[in-house]
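Student: Quick one: this structure, given as structure tokens, is what I'll be asking you about.
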Ligand SMILES: *Cc1c(COP(=O)(O)O)cnc(C)c1O
């Protein structure tokens, strides 16, 4: 079907909940994609930071195919090997000495972390210590609870009543965190690079102070690595570059390399809080997605690969700055999670223009063109993208 034919049927049959770009993607290879009409694009979006291994990747195809022949789903009433392997890799590679709960998305992983934090406190201190402090400008998901965890007013609409017990502190302002984290607070949850909020990395000093405050008041430190995790910032998890030891790390997007999987990784401080009957999900950790996640972790978890992500990030960032464009006010981010800063409100127009010219990019916050390319992107593909940027900016 052509794009127009597809779009007509989409309008008729699919709920209108997304402002989609006007192309229909069909297939890809590496970090290059083609739409249904055969037009080629360099992908600097990876879905939204999901397709870390790119397209038509033989390692993932083999892992998924072999598992599909064996068993795709077993439910959590039985033990399966791929899940145990993913959990072991996550625990060993982070040195958190803890355990993993598997979910299916970022929001669901954050829901799990929120439940874990509240039960941790309930078990130790009884009822009432339920508050969770998050940061202004954060993004934590689209369920009724994670919308309220998200520190942006525009998400707190229509769906009243929201889950109670969230308060928001200004990022990089430890005094505000101290004010908001009172005796009712059981956890602080934050992204280390705010993704949807505008590709805003937190200050290391601030992050360390938040960690110290959590230790002082026995609050859990929950790091939302749904976007920053799985090699995106040049380490397997961003927290490893901040020199902190979180109690809980949530992840999703890149973990399956394209299949839906999420996870709550709890350190030894709280990994036995959730017990039979307190949390569950039908699809969580199903063998098919875990086979894919195993392949991703083996590949992306390799220190040499992670080093290359950092180098590619530097190459892309420097390449963009070297264009010397007045419309570009800077590039921020870590690794291959970058935001090109433009005039406020102009980011969507630039993303649209890039796509028109064969580069897929998305937006973040009020003024960032967000780049989350597949981590396997080649130098040639980055050069092609930079040539398009030279024209568009
Ligand atoms: C995308 C994202 C989520 C939500 O993940 P879903 O899979 O869409 O539910 C949560 N937190 C962060 C930081 C994200 O980037």
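Cβ atoms here come from the backbone N, Cα and C positions, even for glycine.
Pulled these from TrEMBL:
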- 106, 107, 139, 224, 225, 226, 227, 282: pyridoxal 5'-phosphate binding site (BINDING)
- 142, 281: N(2)-acetyl-L-ornithine binding site (BINDING)
- 253: N6-(pyridoxal phosphate)lysine (MOD_RES)
Student: Within 10 Å of residue 225 (pyridoxal 5'-phosphate binding site) (Cα to Cα), which of the recorded positions 142, 253, 281 do you find?
Tutor: 253
Student: Just checking the binding-site residues 106, 224, 227: which sit within 10 A of the residue listed as 'N6-(pyridoxal phosphate)lysine', CA to CA?
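Tutor: 106, 227, listed in sequence order.
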Student: Taking the Cβ of residue 224 (pyridoxal 5'-phosphate binding site) as the reference point, list residues of the same chain whose Cβ is under 8 angstroms away and which are at least six residues distant in sequence.
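Tutor: Listed in sequence order, they are 106, 110, 113, 138, 140, 189, 190, 191, 250.
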Student: Going by Cα-Cα distance, pick out whichever of the binding-site residues 107, 139, 226, 227 is nearest to residue 281 (N(2)-acetyl-L-ornithine binding site).
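Tutor: In terms of Cα distance, residue 281 (N(2)-acetyl-L-ornithine binding site) lies closest to 107.
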Student: Filtering 225, 281, 282 (binding-site residues) by proximity to ligand 1: which pass a Cβ cutoff of under 6 Å to any of its atoms?
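Tutor: What lies within reach of ligand 1, judged by Cβ under 6 Å, is none of the binding-site residues.
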Student: Specify the nearest of the binding-site residues 107, 226, 227, 282 to residue 142 (N(2)-acetyl-L-ornithine binding site), where nearness means the distance between Cα atoms.
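Tutor: Nearest candidate: 107.
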Student: Find, among the binding-site residues listed as 107, 226, the one whose Cβ has the highest number of other Cβ atoms within 10 Å in the structure shown.
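Tutor: Ranked by Cβ atoms within 10 Å, first place goes to 226.
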